[in-house]
Structures are given as C-alpha cells and as structure tokens.
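Some notes on the structure that comes next.
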C-alpha cells in the first residue's frame, strides 16, 4: 500500500470514528521506580518533596487506561523508549514533562498515575499525576470524550490528601502538600477541538478570555486545597502540530493560523491574570511557564535542537496517526524517534520534552520556590 493511499484511508477512519469509537483496554503494568539523580540545584534550605500534576495528555501518565474512553495509548509502539519499553498510557514514545521535571529535581524517574489501582502507599509519597488525556479548562472538553475533568481531578486530589494523612500523619501530609511542586498543563484540547463547538457563542478573543478565567479559577481552587508552588504551562502553538497541519493546512500543510491566534490570545490573557493571582494569594508562587516560544522555535528551526523532522510525527506516516491509529501494525513508523519533534500527530517525543524542560526549568524554578 502506498503512503498516499494509506493516509487517505486513515483520514476516512478518523472522520468515521471521531465521535463513535470507544475502547476499554487497560493496563496495570508496573512502572520503573529508578530514582532520578537530579540536575537542578535548589536554593539552600529549600525542599521539593513531590511533583503533583493536573491537566491533559501532555502529562497524563496512564489515568485514561482506567476510563471508558477511546483516548488511550496503552499499547505499542507507545512507550517504545520508556524504561522497560512499557506502554504505560503516556501519550509519547517515552516519559512526559512531569516525569522529567521529577528526575531533574532528584525526586524520581517517573510520577505515577493516580487512578492506577496497583499503586502502593509508598508510591504516593513523591507526588502523583491526576492528568487525563483529552481534558481542558473548558468543562465541555472533557465531557465530549469521557475523561476526567479538571474539577474531578481536584476531587481526586482531595481524596489523595486524605490518604496521605492516613499513611504518614497530618503533619507530614501537610508538609508534602504545601511544599510539592504543582504542574498544570491544559488548553490544547480546548483550542484544537472544543473551540469549534463553542464558535457560535465565542469568537477567538472571547474564548481565550473564557479559558483564562477558567484557568484562574482552577488555580485558586488548587490553592484553597493547600497548593502553594504552582507552575502553569502556557498554551502551545496548537496550529503547528502535525494533525492540525494535515487537517487544516491544505496541500502545503501550513500551520493553522486560526488555532495559533487563539493560543496567543490565551497566553496574552493568562499571563497578567496569573501574575495578579500570585500577588493576591498569600504565601503562593503562581508562575506562568512559557512553553509556546520554545516549542515554536524548535518547530521552525529543528536542526538547531538536533532534530530532522518537525512537521510530521514519528508514528506511521506522521500526518494523522494518534491513539489507535498509531499502532504496531502501521508500516510507516520511523525507526529513530529522536530525529522527530513529534511522536504522533499531536504529542512530542521524550527527547523534545527533555529539551523543553531543560531549557525552562532552570529559569523558572527559583520563581516557584
């Protein structure tokens, strides 16, 4: 089968199954528990005991495995570069940003998914991951694909706090909750998917305002539950991910300026909003982590970062494959994912994540502690 015929076939499958396909495959594979060595030196007398993560598929470490949703990736070739080559449910070839941050801070090599029923008590003591692929700041985003909304992720966090108190006592539990680093990664699904469904009610500017307001309310609620060190990822150039180029960029597969404009509007709104919120909430460190400029530069200048390909993913043809379309029987998957910025048509490779984290963590960590 030629590459062109295969792509046409995949596009038909994507359109035909977008709102109807639902899977219920699960994996409870045990993740690697190797401790990270740490490459970021913290200021004297500063401790970050754990990493606690909320958001979407950029950081989901396997929570969707345990949901009745089509948005899963707990099968090969996902995870091919993960320790042990395990498809854990991370939407990448390897680890995701929250794992890499934890390693760089010397906490652990990976941060587990909270919904994994095989978690042991000791797994909870270095932080957990509540993120659910397909979620977003807009409540409709998670509802459309039957995943864990951000509001329900907060409920899971409250449950987690109660478990900590039982395991280590109230004093140690409060210390972990207060001093852990919180990562919030959302907005991509809102912009790439839900914005179209909301376009009757919102334009590009008003929808960005709505998302920024929702993000601010989420951070305030997280603070109310005890979080103090909160890093919020900016929106990324959603219009430049391979799938957006294929579905919206016409024959030349250019970036979707419409989607990128919504992302820029959101970033312009959320930046002063979070800055004001940080001043309003006592003893808080609320910081916007600007991922957009770094990823955009990587996409425009891939060779400067050691990549060869930035407009296609490694999996399959790299044009539309994601989730079940990115599978081990796809004949076009690349052999060397480290040459690609994107693993599938939406999500970066671990190598790309490592570059982003290493470029940004050193700049932002002092603001967060």
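Each Cβ is built from the backbone N, Cα and C atoms, and glycine gets one as well.
Taken straight from Swiss-Prot:
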type     : residues : note
ACT_SITE : 57       : active site, nucleophile
ACT_SITE : 344      : active site
ACT_SITE : 347      : active site
CARBOHYD : 28       : N-linked glycosylation site
CARBOHYD : 45       : N-linked glycosylation site
CARBOHYD : 203      : N-linked glycosylation site
CARBOHYD : 336      : N-linked glycosylation site
SIGNAL   : 1-16     : signal peptide
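Positions of Swiss-Prot features highlighted on the structure.
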residue : record                      : DSSP class
45      : N-linked glycosylation site : coil
57      : active site, nucleophile    : coil
203     : N-linked glycosylation site : coil
336     : N-linked glycosylation site : coil
344     : active site                 : coil
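The number of other Cβ atoms within 10 Å of the Cβ belonging to residue 344 (active site), over all protein chains shown, comes to 30. Taking all protein chains in view, 9 other C-beta atoms sit within 10 angstroms of the C-beta of residue 336 (N-linked glycosylation site). Between the CA atoms of residue 336 (N-linked glycosylation site) and residue 344 (active site) there is a gap of 13 Å, rounded to the nearest whole number. Distances between the Cα of residue 344 (active site) and those of the recorded positions 45, 57, 203 are shortest for 57. For residue 203 (N-linked glycosylation site), other Cβ atoms within 10 Å of its Cβ number 13. The Cβ of residue 347 (active site) has 28 neighbouring Cβ atoms from other residues within 10 Å, across all protein chains displayed. Comparing residue 203 (N-linked glycosylation site) with residue 45 (N-linked glycosylation site), their Cα atoms are 48 Å apart once rounded. For the recorded positions given as 45, 57, the lowest number of other CB atoms within 10 Å of the residue's CB is seen at 45. Rounded to a whole number, the distance between the Cα atoms of residue 347 (active site) and residue 57 (active site, nucleophile) is 8 Å.
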